[in-house]
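Asks: This is the structure I want to talk about, given as structure tokens.
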Amino acid sequence: MTNKIIIPTTGDKITFIDGKLSVPNNPIIPYIEGDGIGVDVTPPMLKVVNAAVAKAYGGDRKIEWLEVYAGEKATKMYDSETWLPEETLNILQEYKVSIKGPLTTPVGGGMSSLNVAIRQMLDLYVCQRPVQWFTGVPSPVKRPSEVDMVIFRENTEDIYAGIEYKAGSDKAKSVIKFLIEEMGASNIRFTENCGIGIKPVSKEGSQRLVRQAIQYAIDNNKDSVTLVHKGNIMKFTEGAFKDWGYELAIEEFGASLLHGGPWCSLKNPNTGKEIIIKDVIADAMLQQVLLRPAEYSVIATLNLNGDYLSDALAAQVGGIGIAPGANLGDEVAVFEATHGTAPKYAGKNKVNPGSVILSAEMMLRHMGWLEADLLLKGMSGAIQAKTVTYDFERLMDDATLVSCSAFGDCIIDHM
């Protein structure tokens, strides 16, 4: 395959030394523009980040952007069958920190999702989704300000592993036959036309996710970590996730049982504050985040539950149009727009770029460039001034409608 990616002649790589990121003053950061509305939201993101870094650091720090390709743009740059070039994956791995727009799902065989493929191929096992409300953002709930949570969603296992077989296929029939004849399964109905999926959940995968969630709670002085699961039904996968989570809290963080367990607590070694480790059944949690959101701060959960919870919570604070996200491994991090490609709006300079801009703010914090929280100040100022894109303008009184790119400019003006 011909190399298509052009490395900047200036700038240095972010490296990982002794367990920590080492970020130069002029880091090279790869980005994927994205499909559909990626062409609309990514350019304002780059402009806003550059402005925030310049305002925070003058000329002392600067990002050197490196475009890499995935999705539809990759099929045009390479060939029609290449949706996720090996060259792109290698650079995301090598340069440690990157950001991407939304990617479409290829039609037909092969990978089921480019987003999932990137997470699995780079072992980005944490999907981190902070959910908080900006003053002035239209919300369907009465007290959106009570929503302030960070979701840690396991990113590589569960049914998203993609191990499933089409109804009526030879593979599905073989699996069904094995389950019935070898494993004694007796409750598979309609065996001739039954799709089959596998739900892998490992102790190692569960505990490394919970470890990151508890460490985040310690580092950010949070009150609790909630293990969300459906263990009352799926005892050996979802239930095991819960049990392994408690086990890790006790064995690695020194947590003590509360009232005989399974809830437990540990003392924050930095502040002395008590952190409660608790669990909630997934369907009950979907009620709790509506009725009692203030009782939850850090959530650790498996892949599917995390998908549901992330979008449900985002709806309470303005929708996924401004919901940021990060995919994190032990060394590599890929930040992303959490919404889809919305092809009917592509190229119309209309949609809200907030998701990928706020993901960029997460990226800067991950790099240790904390002064660049000017992004948050700018976003909040633009929203409170009611100079907003159509998704907010239609729900606000006396708001001024602006384009996608103009909203980015408004964020810069309010830094």
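Backbone N, Cα and C define each Cβ position, glycine as well.
Okay, these came from Swiss-Prot:
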type	residues	note
BINDING	T104, H339, G340, T341, A342, P343, K344, Y345, N352, Y390, R394	NADP(+) binding site
BINDING	S113, N115, R119, R129, R153	D-threo-isocitrate binding site
SITE	Y160	site 'Critical for catalysis'
SITE	K230	site 'Critical for catalysis'
BINDING	D307	Mg(2+) binding site
Asks: For the residue listed as 'Mg(2+) binding site', find which of the binding-site residues R153, G340, N352 come within 10 Å, Cα to Cα.
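Replies: So the list reads R153.
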Asks: In whole Å, how far does the CA atom of R129 (D-threo-isocitrate binding site) lie from that of G340 (NADP(+) binding site)?
Replies: 16
Asks: Record lists T104, H339, G340, T341, A342, P343, K344, Y345, N352, Y390, R394 as binding NADP(+); longest Cα-Cα distance in Å?
Replies: 27
Asks: Between the Cα atoms of R119 (D-threo-isocitrate binding site) and R394 (NADP(+) binding site), find the distance and write it as a whole number of Å.
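Replies: So the Cα of R394 (NADP(+) binding site) lies 35 Å away from that of R119 (D-threo-isocitrate binding site).
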Asks: Rank the binding-site residues R119, R129, R153, K344 by how many other Cβ atoms lie within 10 Å of each Cβ and give me the one with the fewest.
Replies: K344
Asks: Might you list, by sequence position, any residue in that chain lying six or more from K230 (site 'Critical for catalysis') with a Cβ less than 8 Å away from its Cβ?
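Replies: In sequence order, E238, I281, A282, D283, N305 meet the Cβ cut-off.
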Asks: What is the biggest Cα to Cα gap, in Å, among S113, N115, R119, R129, R153, the residues listed as binding D-threo-isocitrate?
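Replies: About 19 Å separates the two most distant Cα atoms.
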